[in-house]
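Asks: Okay, here's the structure, questions in a sec.
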């Protein structure tokens, strides 16, 4: 019986193969001529909404045909699972030229005659990093002009079927799909493919990839650009090669192209920061044995004789300073004089990165025909959701046309709800951070007691101090809370942005970006800000400790400083985010696609159609690029805001970004449906966010060096309080620890046991000893150090800001050769257009057109002369 079933299945497949001689792995209609520009899919499920969905589809598809699009439907019997219908859409020439004019698409009018740039003398050195010329520049460079139906003979139209690239075609079809009506429901006009996808009328809408990624298409009319991108760009073994940005832009559109251009440039600039950071780290490593502070802490005759006050109330015991020997040695890796140099260097590096990116962006704008593209053009393209939800209309003062608008009262109510929601979630983050601080304070005492009384921890007790153990566990807990809050807030942010009903797509993205970034900023950086600027700063002193909620004693820093704990916090959150991000971006889509395609794996290629293959892939989504930018900008914050505490942060970021470029390209090329092409001439609002973080980073690093590291107290001791000329730093540890008389302990703080009958203990502060008339008050050295810290912050900020602004002023935003090329192209384009108009006018005069007067001819010639003079 089983063999009979297999035979019947074989006959069915044989019949389908005979029915269609050509492979279904094609991007054309059945006639093999008309290209598939878009695909819609739906399931004909017989539920209570079935008739309503059927009516919507009929009306929608009828209106698409009225708009000029051509449709071809694949019956569900032809699909792999026998359940899905596929509607293939083709845009004929007449539709393309109509909407190319509406969308202001630029097309070639003449091959570029501007000589290429002078060859770089380093080209021979960089040759191994280069890609083949046919990959980097798949087609000639042209002068372009906005398309006009009335001037078709002006453009270089060799073949109507290939004149508009596939990305242009799918952009035009998507424009029609998002605005096509499908009926009236509840007295309101309904339109747009997005609504039909949301209500389940269609299950998917997507343009097709041009071939399978692992082999070229068998059709000679297909360019197989997806295969080229996979072989030359999306494989990790090509990590050292440059990116084929022109091909990326041609296949995916300018918006995705500009993202990869920015990510590649950011990664290149990270190389310099990573090298300098590594040198600073190696300096700390090689000078570790020369560090006088850690020598004194580790010395049994000095650190071994210094008895420190208990780390918690009652349960903790007195401890000897030399038990923190290893941690003090490791803290020198990051807390040394190179830290100051690196903090100043990174302040200047950020400026160089942003200024040189502006120049790179200006060059891309010229090369990708985005010079005249302004975001204001997009203001004319209202979001379909805005048009649908705004029932009231008013006259536009510019166009004098009636257009939908949202009343001011409605806007105010929506903004109030949105603001309150964002404020609530930010407060939730702060509450979670306070909870983590409470955890640190509660667990700190437990760790301190455990590590002093447990013999099994003796081998690692020197390295794993109570402070470090608390910091590591709290950092891991904080990372888990960050991920959970992110998961929920992403959905809330999208919901409240939708509720605001932004007018345009640009406005929608900008509002969502600011909400998400504000949340992520507080979520990811709050714990680092706590360790850097609050931990150990408000401890009090033995006998008068400060308490949170009058219950938990505030944390103290390690005797060697808090910088090593900030480094730990930064490493765990930054590395954990990068690892988790790569898992989400690569492994999850791969598993989903593997699960979805497991049944289709055994089918012949000519039965598994191109539209079915793409249907089984993941959806990139309108916000797919938004999350990529957000991930990189958060990383940018880690390597700039707190880089003084961790010089290896740029190196970690560099290694992650080399992987990130290939992971993003791999998933986009192999795991996701082809995104709809979109234009963008810059990275948008992210540029302003980066500028803001660059300025803030100077302030945070100045405060980290001054208040978190031990550099300023050491310098003050070196120049003002040292008494040993031969070894100026000797005695620093003893000088930095104040004396407390154990008999002054109140009952709340006094340890339960004092087996060795200690009389005094030491604590980290600058206070007068118990026998001084100003007992336990701050010494003059404390105020000298505070004044030095404030002076250092002011001087460092001013020096770095002056250098930053000078560098920004010195580097022009647009390279001189690009300015010249833009002027040359504008001149030649105007000349070609004027000559075309003049020829047309001559033809009309020759044909006896009375409206084409001699004065009009003279005026047109005069305009050409004026243009040449300009």
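Glycine is treated like the rest: Cβ placed from N, Cα and C.
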Asks: With TrEMBL as the source, which of 611-632, 633-654, 655-676, 721-742 is set down as transmembrane segment?
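Replies: Here TrEMBL associates transmembrane segment with the stretch 633-654.
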Asks: Could you check which of 782-811, 812-841 is flagged in TrEMBL as transmembrane segment?
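Replies: Spelled out, TrEMBL records transmembrane segment over residues 782-811, not the other listed ranges.
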Asks: Transmembrane segment per TrEMBL: which of the ranges 375-397, 398-420, 467-489, 490-512 is that?
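Replies: Spelled out, TrEMBL records transmembrane segment over residues 467-489, not the other listed ranges.
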Asks: Examine the ranges 175-202, 203-230, 231-258, 259-286 and name the one recorded by TrEMBL as transmembrane segment.
Replies: 259-286
Asks: From 8-42, 43-77, which range did TrEMBL mark with coiled coil?
Replies: 43-77
Asks: Please find, within the list 516-533, 534-551, 552-569, the residue stretch that TrEMBL describes as transmembrane segment.
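Replies: In TrEMBL, the transmembrane segment feature sits at 516-533.
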Asks: Would you mind telling me which of 316-336, 337-357, 589-609 TrEMBL tags as transmembrane segment?
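Replies: Checked against TrEMBL: transmembrane segment maps to 337-357.
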Asks: With contact taken as 3 or more Cβ pairs under 8 angstroms (pairs 6 or more apart in sequence), are the transmembrane segment (337-357) and the transmembrane segment (422-447) in contact?
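Replies: In this chain the transmembrane segment (337-357) does not contact the transmembrane segment (422-447) - fewer than 3 Cβ pairs sit under 8 Å.
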Asks: Counting only residues 6+ away from its ends, which parts of the chain sit with a Cβ under 8 Å from the coiled coil (43-77)?
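Replies: Hits for the coiled coil (43-77): 29-30, 34, 83-92, 94-95, 98, 173, 176-177, 180-183, 196, 199-203, 609, 611.
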Asks: If you average the pLDDT over the domain 'Anoctamin dimerisation' (28-245), what number do you get?
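Replies: 86, rounded to a whole number.
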